[in-house]
């Protein structure tokens with residue numbers, strides 16, 4: 001892939017969306033993971049200024065992720081704010097009857113998105129998305145949480161392609177080497193949740209997207225079954241609510 005042209009196209013897209021909305025800039029959640037780090041880097045290239053990052057750890061968030069996010073803010077000279085959301089999460093735990101790890105992870109994602117939209121209004125800026133194509137196809141995210149945004153410059157790149165672009169843009173090796181994780185609970189791992197590496201997942205997704213029967217026959221049947229199941233079960237996450245026409 002021509003990463004120079006792709007980078008230019010993404011930067012043009014960011015500039016266009018901000019200009020057409022008459023916004024001042026963008027707001028993003030910076031987790032310390034590779035996706036948000038890549039988007040922050042693209043935003044800085046595109047806009048030069050008015051890129052505001054919110055770092056929103058919980059008590060169990062990986063400290064290394066916060067350190068990496070802070071280093072990136074320093075490297076890019078980003079305006080940022082740290083908001084620890086544990087007290088908000090604790091209030092939910094006291095009131096809720098559903099406190100499974102998944103439920104708490106989803107609620108934490110929605111807390112973060114609420115804060116992002118609050119700051120987007122405060123700064124007259126757009127919330128920019130950080131989900132990649134692999135996550136979007138699988139519905140691997142929280143509806144009205146990390147999936148919510150005004151626009152998304154990286155949603156057409158598979159996770160494996162995110163790594164390639166990150167290397168091209170010389171992101172710090174910490175982002176490239178760390179295991180992918182939404183950091184929703186302690187020691188949470190995307191690939192452990194999904195049961196396969198992103199390399200295999202992306203291979204399967206591409207085969208399904210192009211309906212490459214020859215390639216599909218060579219892939220692990222359990223991988224293809226998992227992908228089809230998640231894509232079908234979570235398809236609603238990528239759609240606007242249906243409205244009855246009278």
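Using N, Cα and C of the backbone, Cβ positions are placed for all residues, glycine too.
Cβ-based neighbour count (10 Å, all protein chains) for residue 29 (ATP binding site) stands at 25. The ATP binding site annotation in Swiss-Prot covers 29, 30, 31, 32, 33, 34, 35, 36, 130, 159, 181.
In the shown protein chains, 25 other C-beta atoms lie within 10 A of the C-beta of residue 135 (Mg(2+) binding site). Residues annotated as Mg(2+) binding site in Swiss-Prot: 35, 135.
Every protein chain considered, the tally of other Cβ atoms within 10 Å of the Cβ of residue 110 (deamido-NAD(+) binding site) stands at 17. Feature annotation from Swiss-Prot assigns deamido-NAD(+) binding site to 110; the stated evidence is sequence analysis.
Summary: among the binding-site residues (31, 130, 181), the fewest other C-beta atoms within 10 A of the C-beta are counted at 181. With a 10 A radius on its CB, residue 33 (ATP binding site) counts 23 other CB atoms from all the protein chains.
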